[in-house]
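Q: Please find one structure pasted underneath; my questions will follow.
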Amino acid sequence: MQMMTRNVLLNMEQEEDDDEDGDIVLENFDQTIVCPTFGSLENQQDFRTPEFEEFNGKPDSLFFTDGQRRIDFVLVYEDETKKENNKKGTNEKQMRKRQAYESNLICHGLQLEATRSVSDDKLVFVKVHAPWEVLCTYAEIMHIKLPLKPNDLKTRSAFGTLNWFTKVLRVNESVIKPEQEFFTAPFEKSRMNDFYILDRDSFFNPATRSRIVYFILSRVKYQVMNNVSKFGINRLVSSGIYKAAFPLHDCKFNYESEDPNCPSERYLLYREWAHPRSIYKKQPLDLIRKYYGEKIGIYFAWLGYYTQMLLLAAVVGVACFLYGYINQDNCTWSKEVCDPDIGGQILMCPQCDKLCPFWRLNITCESSKKLCIFDSFGTLIFAVFMGVWVTLFLEFWKRRQAELEYEWDTVELQQEEQPRPEYEAQCNHVVINEITQGTPILNSDCYLLERTGQSLQEEERIPFTTCGKCIRITLCASAVLFWILLIIASVIGIIVYRLSVFIVFSTTLPKNPNGTDPIQKYLTPQMATSITASIISFIIIMILNTIYEKVAIMITNFELPRTQTDYENSLTMKMFLFQFVNYYSSCFYIAFFKGKFVGYPGDPVYWLGKYRNEECDPGGCLLELTTQLTIIMGGKAIWNNIQEVLLPWVMNLIGRYQRVSGSENITPRWEQDYHLQPMGKLGLFYEYLEMIIQFGFVTLFVASFPLAPLLALVNNILEIRVDAWKLTTQFRRMVPEKARDIGAWQPIMQGIAILAVVTNAMIIAFTSDMIPRLVYYWSFSIPPYGDHTYYTMDGYINNTLSVFNITDFKNTDKENPYIGLGNYTLCRYRDFRNPPGHPQEYKHNIYYWHVIAAKLAFIIVMEHIIYSVKFFISYAIPDVSKITKSKIKREKYLTQKLLHESHLKDLTKNMGLIAERMGGAVDNSVRPKLE
């Protein structure tokens with residue numbers, strides 16, 4: 001489902017019909033290297049087309065046919081003259097746009113070479129190469145940090161004397177050699193001699209080269225229609241002019257490249273990261289970052305760190321579970337429920353108005369035993385521990401993230417990030433800069449670069465005014481709120497359905513099922529209600545989820561965020577709010593609403609005046625919440641992992657069988673990658689969303705299910721390798737992107753951590769029976785309320801079930817459907833109310849008010865203790881370690897010193913030359929006078 005959704009989202013980038021007529025735009029410059037413009041350009045009559053070359057028979061080659069120019073990007077299109085749908089007009093329009101786009105790419109300095117497919121003669125692969133001058137120019141525009149000199153700072157091992165033990169878990173350094181560290185600085189062409197350039201071919205690594213080329217591809221125009229520019233490879237791919245655009249993998253995943261100059265990084269990643277035999281090893285994060293970019297690297301760094309921290313939570317959770325399991329036989333109140341002389345003699349009141357029977361309490365014996373496992377003192381300890389654990393995880397992750405920012409040169413990324421091309425295209429409003437008061441300044445928001453001698457002139461522009469921005473934000477917030485309310489309405493509708501259809505099934509299904517008929521044997525009213533409600537709920541969730549994903553992208557596009565980071569953060573908040581309500585609403589309902597407002601048998605509470613409120617199962621709502629979490633977490637994890645493995649594998653398998661050519665043809669590298677699955681821009685977004693939803697289950701409701709961290713740990717260990725396997729074997733190489741942190745997911749996790757303290761405290765107080773048991777043990781088991789002379793749990797069941805007189809039923813037609821239960825006049829129900837005949841009969845008794853006071857006191861005390869500990873931990877653990885701060889300051893100092901000394905050296909050299917010339921001039925003027 002995720003893969004299908006991603007494909008739909010990619011298709012949504014086409015906002016207009018690109019088959020409409022418009023002016024083809026060609027660019028022609030006196031200089032080869034220029035920046036993309038959004039002004040009017042002179043149309044040229046002739047297209048500059050790429051050269052067509054035949055495949056040279058080298059399947060692992062990453063270069064043009066000449067073997068010298070490296071392939072930085074590949075564009076794929078279907079030859080318009082050989083398309084099956086013989087729409088001549090449409091094909092000619094698409095061909096003109098493609099040719100104009102390729103011509104403009106050549107005008108921007110890129111070099112193109114076209115090669116026809118060896119398996120399908122209709123496909124053409126356009127290979128893109130960025131020469132040295134283009135790379136240098138755009139590296140300066142994009143503020144890319146590049147090496148100045150090798151880093152001479154000593155690094156201390158984090159494990160010290162444990163290196164011998166952790167060596168088994170680390171990646172073999174003889175296979176994946178550690179990357180050399182450098183001092184870096186934003187690249188400047190004027191200071192090219194200051195940078196560490198040993199070889200021009202290796203100075204820009206393949207990931208950086210692909211990122212620069214994609215920057216150009218995303219901003220080159222091909223058409224102007226009604227003064228609106230159409231530009232960028234994304235629009236061309238979404239409109240079908242190009243079929244794909246991607247950078248190349250460097251080799252096959254299961255074999256090293258035959259080219260001795262190729263590092264075969266994809267093969268190394270598969271062998272040491274994605275292969276199942278490496279499941280116990282640490283991830284080669286530096287190589288992941290080098291090959292896929294910082295954005296992919298930071299995701300796997302976060303996922304790996306989260307999995308490591310889950311190990312501690314899983315150990316404590318299993319210990320608490322074992323404590324409850326071992327002590328379940330010592331659970332006094334469960335023994336009373338199972339005792340035929342106690343629980344077997346207690347007649348419980350019906351739970352609905354019609355056709356619901358009276359029942360004996362001892363039928364809940366098994367569920368009460370299971371409840372003892374989870375509703376124990378160990379669960380309370382574990383809930384407090386998890387409140388502290390989540391704070392430790394977030395704080396230590398901040399420190400780890402700061403280390404990665406330093407190591408991966410993303411400390412100042414916020415100032416480096418360029419605006420999105422969609423944002424640049426809408427920059428039509430000129431504003432007065434508050435700092436320069438109207439003076440043109442160097443601004444990267446919306447730039448208009450023109451070649452004017454030695455300098456570049458820029459003008460500050462924005463896409464909309466302040467009033468327009470407020471209107472956009474208001475409309476977007478209203479749309480998000482509407483969809484959240486729509487989900488809540490659907491949840492309420494499902495609840496009403498469950499309440500109403502239960503009575504329908506009770507009257508229509510056979511009351512005396514035939515034991516030989518398996519359908520009648522198992523299709524009870526409760527089962528029929530649960531199955532149909534689950535199916536309807538699933539259908540509604542899937543429909544709303546599919547629609548909302550499209551709506552969320554449309555809303556975010558309407559907002560027009562400035563940078564890709566802003567875009568992703570805005571989309572993340574919208575999607576998470578929706579998914580939060582979507583996934584957690586059922587758990588919140590069971591934990592805090594189901595069975596809480598039911599009244600009593602003689603005066604039940606009704607929904608909408610006709611539907612009797614739903615009561616908890618005989619074992620209590622805590623056990624039902626535990627069951628719900630187990631099914632959701634376990635089923636979701638199994639389904640996602642199977643889906644992530646099978647779906648791309650099956651799609652690639654089908655693609656291989658549909659190829660026209662036989663297996664005897666040698667397939668080039670670019671054609672092999674074309675037949676892999678596209679990842680899509682939002683692919684990583686769904687990986688984050690899946691893990692954050694799991695993080696919410698682990699923290700928000702952990703008081704009801706101590707094994708949740710264990711399930712999450714097992715899932716994440718598999719998730720890391722499954723995601724690695726997908727990236728290295730089943731998907732095309734993604735365009736490398738920079739990322740400083742995990743974005744909006746960090747504040748989302750912090751919000752979940754704060755909410756988790758409240759939810760777990762309320763689960764223990766209101767969903768479990770821990771507080772009523774403690775109140776009985778310390779107050780109502782001894783005088784003046786109890787008859788025992790010592791603190792005990794004996795008599796808890798009998799003293800905590802209220803009594804109801806059957807003659808007080810408003811519906812006097814209530815009859816006992818069972819034979820042999822006797823003619824009873826009283827029944828019991830779960831509540832703390834006065835018995836019939838009491839001056840305040842059926843009103844809440846003193847026990848109820850003691851329990852309410854104890855619950856509120858427990859919530860306040862638990863919250864204050866955990867929040868105090870969380871605040872102390874957050875204060876005591878700095879976000880950036882002292883060592884990392886020192887490294888950042890040291891690097892900044894040495895970088896400035898190096899650049900300053902180099903500048904002084906050049907200045908001194910120039911001043912010396914000037915002095916020599918002046919001295920020579922003086923000597924020439926003085927010598928004649930002396931003579």
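Think of each number as a place in line: the chain as shown, counted from 1.
Placed from the backbone N, Cα and C atoms, the Cβ positions cover glycine too.
Annotations per TrEMBL:
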- 63-285: domain 'Anoctamin dimerisation' (DOMAIN)
- 288-891: domain 'Anoctamin transmembrane' (DOMAIN)
- 299-326: transmembrane segment (TRANSMEM)
- 377-397: transmembrane segment (TRANSMEM)
- 480-507: transmembrane segment (TRANSMEM)
- 527-548: transmembrane segment (TRANSMEM)
- 575-593: transmembrane segment (TRANSMEM)
- 691-714: transmembrane segment (TRANSMEM)
- 742-766: transmembrane segment (TRANSMEM)
- 846-867: transmembrane segment (TRANSMEM)
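A description of the local structural setting of each listed feature is requested, covering burial, neighbours and distances.
A: For the domain 'Anoctamin dimerisation' (63-285), the mean pLDDT of the prediction comes to 83.
Among residues of the same chain six or more beyond the transmembrane segment (299-326), those with a C-beta under 8 A of the stretch's C-beta atoms are 282-283, 285, 288, 372-379, 381-382, 385-386, 389, 392-393, 396-397, 400-401, 404, 684, 687-688, 691, 695, 698, 702, 706-710, 712-713, 716-717, 719-720, 723-724, 742.
Here the transmembrane segment (575-593) has Cβ contacts under 8 Å with residues 480, 483-484, 487-488, 491, 495, 537, 541, 544-545, 548-549, 552, 621, 624-625, 628-629, 632, 685, 689, 692-693, 696, 700-701, 704, 744, 748, 759, 762-763, 766-767 of the same chain, all six or more residues outside its ends.
Residues 303, 306-307, 310-311, 313-314, 316-318, 320-321, 324, 374, 378-380, 382-383, 386, 390, 576, 579-580, 583-584, 587, 591, 622, 625-626, 629-630, 632-634, 636-637, 745, 748-749, 752-753, 755-756, 759-760, 763-764, 767-768 of the same chain, all 6+ positions outside the transmembrane segment (691-714), place their C-beta atoms under 8 angstroms from a C-beta of that stretch.
Residues of the same chain lying 6 or more positions beyond the ends of the transmembrane segment (742-766) and with a Cβ under 8 Å from any Cβ of it are 298-299, 302, 379-380, 383, 386-387, 390-391, 394, 401, 565, 568-570, 572-573, 576, 591-592, 596, 622, 625, 688, 692, 695-696, 699-704, 855-856, 858-859, 862-863, 866-867, 870.
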Q: Could you tell me what the rest of the chain brings near the transmembrane segment (480-507), counting residues at least six beyond its ends with Cβ under 8 Å?
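A: Cβ under 8 Å, 6 or more out: 352-356, 525-526, 528-529, 532-533, 536-537, 540-541, 544, 548, 551-552, 555, 574, 577-578, 581-582, 585-586, 589, 607-608, 610-614.
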